[in-house]
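**Student:** Submitted below is the structure of interest, expressed as structure tokens.
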Amino acid sequence: MAKKYFGTDGVRGEVGQFPITPDFVLKLGYAAGQVLVQHDTDQKPTVLIGKDTRISGYMLEAALVAGFTAAGVNVVQTGPLPTPGVAYLTRALRLSAGVMISASHNAYSDNGIKFFAEGGVKLSDEVELEIEAKIDGEMKTQPSARLGRARRISGADDRYIEFCKSTFPSHSDLRGLKLVVDTANGAGYGVAPKVFHELGAQVVSIGNEPNGYNINEKCGATYTKTLQAAVLQHEADYGIALDGDGDRLMMVDKNGQVYDGDSLIYVIAKARAREGINIGGVVGTVMTNMAMEIALKEQGVDFCRAKVGDRYVLEQLNQRGWLIGGEASGHILCMDKHNTGDGIISALQVLAALQTLNQDLATVCADWQPYPQTMINVRIQKGQQWQEASKDVLAEVEKELEGKGRVVLRASGTEPVVRVMVEARQADWAREGAERIAAAIGGI
């Protein structure tokens, strides 16, 4: 059954436009609370709510609290905290569920609601459908004796900081390193600099003055120019950029070179292989560069691809029992450290890996150079049989590129467009292949 409200990462949209309105979020909290009460019959459920720094977070948090307590669910509120911190505390405090109010890397004018089940894992499709079935029903507030309570908890930041530090090797530290840490004026502004400082690094903080409106604005993992300039200005060893909710990571070296999620995953995997740690393999996505796949296999590390989206990477990791995965966008999963993507913990794993390899980022990543890619968006008509029209040319191009390139065709889920991506060892091979396939699709 198709979901009506939940997308791939919870409920998200523009603030003030359905579904990110206080009245809908009230119903969402009430519906989720009803499901929790039905599932947790032994005692009154407790939910943890965290948020990023968007001005709309106050409004949406109040609506959620009202919905949950009306359904008979207790609520604890942390204030601003990264998404992976909410997941961790949901597990560590043995709570019934966790909720993060954030729209991740989007502008302040957007917001969203993301749920975690008991144990800090993302909700299953079945539970999301169960919640959706109750959203449109009538709200019947519990009798006063069964209403939930809400309270703010102190020390959530400190507990998450200690957890992050515990993922770094106990026999080592970060003394001697100068780091610029860009927290995107987002959820990590209060915790990320402290983690690296307490492990011994000299920390320069930027993107750490949120005002409700400047989250992700020319800063953070989706805009690294500010970090690159700061690293050069302060003559730092590395720059670390998180996104608005703290689950993505980009890094910059002392020369201002940017390293995306693929490069950082390779560094972690190579170090684990060098240490003889069995990670099983690495899960990327259909968009992961083929050159990285080849480089990993040269290190003796297996590789497979999932659909685009960190939830699909996580599914593959769980199914295969592998430990490392992620995307070029900076979502990195280290399953032996945390059960969700965590920008701070991922940065610590990269820094630990560089110590293990006794090399800097540029040297390790020189093992492979991304294959050139050509991407073409082809507009199509509704109902156009583009797969049939392009299948012969697609087969020809794939045969020509066998072992030295690949093709990815993806229909957009939001607009009438087919995205053609061809990557190959040589740029002209990629360009020619993409143009041939795009022409065969036809478009409008």
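Placement of Cβ uses the backbone N, Cα and C atoms for every residue, glycine included.
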**Student:** Which of these, Ser96, Ser104, Ser390, does Swiss-Prot list as part of the Mg(2+) site with Asp243, Asp245, Asp247?
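**Tutor:** So the Mg(2+) site in Swiss-Prot includes Asp243, Asp245, Asp247 plus, from the candidates Ser96, Ser104, Ser390, Ser104.
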**Student:** In Å, rounded, how far does the Cα of Asp245 (Mg(2+) binding site) sit from the Cα of Ser104 (phosphoserine)?
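**Tutor:** Taking the Cα atoms only, Asp245 (Mg(2+) binding site) lies 5 Å from Ser104 (phosphoserine).
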**Student:** For the C-alpha pair, I'd like the distance in angstrom between Ser104 (phosphoserine) and Asp243 (Mg(2+) binding site), rounded off.
**Tutor:** 7
**Student:** An 8 Å radius from the center of the Ser104, Asp243, Asp245, Asp247 Cβ atoms defines the neighbourhood of the Mg(2+) site; name the other residues of that chain inside it, in order.
**Tutor:** Asp52, Pro82, Thr83, Ser102, His105, Gly186, Ala187, Ala221, Leu242, Gly244, Gly246, Arg248, Gly343
**Student:** Compile a sequence-ordered list of residues in the same chain as Asp247 (Mg(2+) binding site), six or more apart from it, whose Cβ lies below 8 A from its Cβ; state 'none' when nothing qualifies.
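**Tutor:** Once residues fewer than 6 apart are set aside, Asp247 (Mg(2+) binding site) is near Pro82, Thr83, Pro84, Ser104, Asp310, His331, Thr340, Gly341, Asp342, Gly343.
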**Student:** Look up Asp243 (Mg(2+) binding site) in the DSSP assignment and report helix, strand or coil.
**Tutor:** coil
